[in-house]
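What TrEMBL says about this one:
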- Gly106, Ala108, Val109, Asn113, Ser349, Asn381, Leu447, Asp450, Ser451: Na(+) binding site (BINDING)
- 15-24: compositional bias 'Basic and acidic residues' (COMPBIAS)
- 26-46: compositional bias 'Polar residues' (COMPBIAS)
- 50-59: compositional bias 'Low complexity' (COMPBIAS)
- 60-69: compositional bias 'Gly residues' (COMPBIAS)
- Cys212-Cys221: disulfide bond (DISULFID)
- 1-72: region 'Disordered' (REGION)
- 100-118: transmembrane segment (TRANSMEM)
- 130-151: transmembrane segment (TRANSMEM)
- 172-200: transmembrane segment (TRANSMEM)
- 264-281: transmembrane segment (TRANSMEM)
- 293-319: transmembrane segment (TRANSMEM)
- 339-363: transmembrane segment (TRANSMEM)
- 375-400: transmembrane segment (TRANSMEM)
- 420-447: transmembrane segment (TRANSMEM)
- 477-502: transmembrane segment (TRANSMEM)
- 508-529: transmembrane segment (TRANSMEM)
- 549-569: transmembrane segment (TRANSMEM)
- 589-611: transmembrane segment (TRANSMEM)
Amino acid sequence: METKDMMMTSMLTMDKGENEERGPKNLNSGSGQQVSNGFSTSTPQSPREGPGTAACAGGTTSGSGGGTGSSVPLGGLRTLVVQQTSLERPRETWSKKMDFLLSVIGYAVDLGNVWRFPYICYQNGGGAFLLPYMLMAVFGGVPLFYMELALGQFHRSGCISIWKHICPIFKGIGFAICIIALYIAFYYNTIMAWALYYLLSSFRPTLPWSTCTNSWNTANCNRYMSTDLNVSWSNSSKSPAEEFYTRQVLQVHLSPGLHQLGSVSWQLALCLLFIFTIVYFSIWKGVKTSGKVVWVTATFPYLVLLVLLIRGATLPGAWRGVVFYLKPDWEKLLSTAVWIDAAAQIFFSLGPGFGVLLAFASYNPFHNNCYKDALVTSSVNCLTSFLSGFVIFTVLGYMAEMRQQDVDAVAKDAGPSLLFIIYAEAIANMPAATFFAIIFFLMIIMLGLDSTFAGLEGVITAMLDEFPHILAKRREWFVFGLVCVCYLGALSTLTYGGAFVVKLFEEYATGPAVITVVLLEVIAVSWFYGTNRFCNDIQLMLGFYPGWFWRICWVAICPCFLLFIIISFLAFPPEVKLFNYQYPQWTTVLGYCIGVSSFICVPAYMVYHLLNAKGTFKQRLLKSITPVPSSDDHRNFIVTNAV
């Protein structure tokens, strides 16, 4: 963070003929140099170099030269290095590079990787689905991922204030992103509250969703396994795991629908309060603390996935699930729906457009290799999705073997139901069921916590960068207020009909809105800010110019990729249904209103910006699309000459 009020804090004199490099202590890694004629050095420094390193090569230095900017022999001159130090706090940075990588991986790898990818994969041609998935990743997801990391690292700003350096009239994108992040926080953490309820219920010798003798069970409850003899299964029969999920955890039977949600479940309210307490104390101090927490929350799920994969592979019938998961159906590739699902899955899996990547990258050193980071983290994310498919479908194959059914009959449920009903029931029928239940639901909570940390950090960074004088010294209180708002906003999802609200938010509040926002973001960067200017920024940071592949993706392929998803959403609106509840028509209108409520910030700010600018309409328009240079953010030192 820089300010116009600067103070000189140190000076270093170098005598004639000195060749050794000296400089003041590096106060802000990633800073560049500027000579007195205003020319910034274009050669990037290594991350180890201090920003104030001054070298006397060949006894010359670039001086003022009477305003000519020519090289002047030192002779009897001495070079004066003046260090400029901001009166404001220096920008926070990651303690270690690994903190950043784990945070990005933890954000990208979330609950959707565990249930959504395996389900979509087998639904859209099994192994054949991997072809459109990889194509969409290479030409759409990864370029967007790389673009956001580079933007955040160069401009060192959150998703609101960064737009003054790119295209000021699009600043409304930042506010829209913050609103979308709040909507996600309203429902996403509720899924973790469900998982916490399951986790607490797992500390018993007999798991409560494995029997039909509990107070919440009905006469339709039946254990439908090959080990249970004389069990007659009918269309009205329910498994004990399904009744535990719907009647004990969610209690949806007490709500007729969205028009009458019912009371708040105090058990889930306490679970969510505990979740938000963990979230607050993990992010209240910034990336210094959250970067340490992700060492546990981002790595533990991989350990659990490995344990569950080994256990699943040893179960009878596991091979049936794997064959069903990967058996290619090449004819499915002729269907447009498969390509739509592949595009949507890779987009929401990598997660550009939520302000998180901008925020995380803004805490990196200026010359950090974000290109390599983008390739590594996006590859880890895709491989995790693929691995999760084996974890899920080995168990589904086991369930099919035990029920003596086909795998598709067992795996008909999508969404969280796949985890909380089918997988939970499979765990209950394994040896050492209590142990596997504990580690599985602990993994679900950890996967969700990473994404929550990241989503809220995106909002926090954006607001602190936009209003630094008000919020910079009050971060803890601001984070506390934000967490309280998220908790209060989530109360509707904790009611008896809360699962219906979660589904409504999931379908309408985030999907179309965030894709439209990212489309505008790509257009603003590639067409208004300019691809050449953006590539020059990357060259200044990394020392190399992005290749033609990346430039073509940013200018043409990524906008087409996003437009394809948006049109598909509008042409094929989702049929929203949960359990046996068919969402009425008015809920569709409500859903679109929620989605538009965030996106409306973009045109609203454009009108506000043009009305408040000075000059003729043409002058206002030109000023609104002219970026404010941000290179001053990377200059802490000025080299000049003095006799």
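Glycine is treated like the rest: Cβ placed from N, Cα and C.
Sequence features annotated in TrEMBL and their locations in the structure.
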residue: Gly106; record: Na(+) binding site; Cβ within 10 Å: 27
residue: Val109; record: Na(+) binding site; Cβ within 10 Å: 27
residue: Cys212; record: disulfide bond; Cβ within 10 Å: 16
residue: Cys221; record: disulfide bond; Cβ within 10 Å: 20
residue: Ser349; record: Na(+) binding site; Cβ within 10 Å: 22
residue: Leu447; record: Na(+) binding site; Cβ within 10 Å: 27
residue: Ser451; record: Na(+) binding site; Cβ within 10 Å: 25
**Nearest of the binding-site residues (Gly106, Val109, Leu447) to Cys212 (disulfide bond) - Cα to Cα** = Leu447
**Request:** Starting from the Cβ centroid of Gly106, Ala108, Val109, Asn113, Ser349, Asn381, Leu447, Asp450, Ser451, the recorded Na(+) site, name every other residue in that chain with its Cβ within 8 Å, sequence order please.
**Result:** Ile105, Tyr107, Asp110, Gly112, Gly351, Thr384
**Message:** Considering only Cβ pairs within less than 8 angstroms, which of the stretches 264-281, 293-319, 375-400, 420-447, 549-569 has the most against the transmembrane segment (100-118)?
**Reply:** 375-400
**Request:** Mark yes when the transmembrane segment (420-447) and the transmembrane segment (172-200) have three or more Cβ pairs under 8 Å (sequence separation 6 or more) and no when they do not.
**Result:** yes
**Request:** Using Cys221 (disulfide bond) as the reference point, find which of the binding-site residues Gly106, Val109, Ser349, Leu447, Ser451 has the shortest Cα-to-Cα distance to it.
**Result:** Leu447
**Asked** Would the transmembrane segment (130-151) and the transmembrane segment (293-319) count as touching if the test is at least 3 Cβ pairs under 8 Å, pairs 6 or more apart?
**Response** no
**Item:** Contact call for the transmembrane segment (589-611) and the transmembrane segment (508-529): at least 3 Cβ pairs under 8 Å, seq gap 6+
**Value:** yes
**Prompt:** Which residues, given as numbers and ranges, are at least 6 beyond the ends of the transmembrane segment (293-319) yet have a Cβ under 8 Å from it?
**Reply:** 98-99, 102-103, 105-106, 109, 282, 384, 387-388, 390-391, 394-395, 397-402, 430, 436, 439-440, 442-443, 446-447, 449-450, 453
**Request:** Quickly jot the same-chain residues contacting the transmembrane segment (420-447) by Cβ under 8 Å, restricted to those at least six beyond its ends, or write none.
**Result:** 109-111, 113-114, 191-192, 194-196, 198-199, 202-205, 207, 209-210, 225, 227, 239-242, 244-245, 249, 275, 296-298, 300-301, 304-305, 307-308, 311, 315, 392, 395-396, 398-399, 402, 410-411, 413
**Contact check, the transmembrane segment (508-529) vs the transmembrane segment (339-363), 3+ Cβ pairs under 8 Å, seq sep 6+** = yes
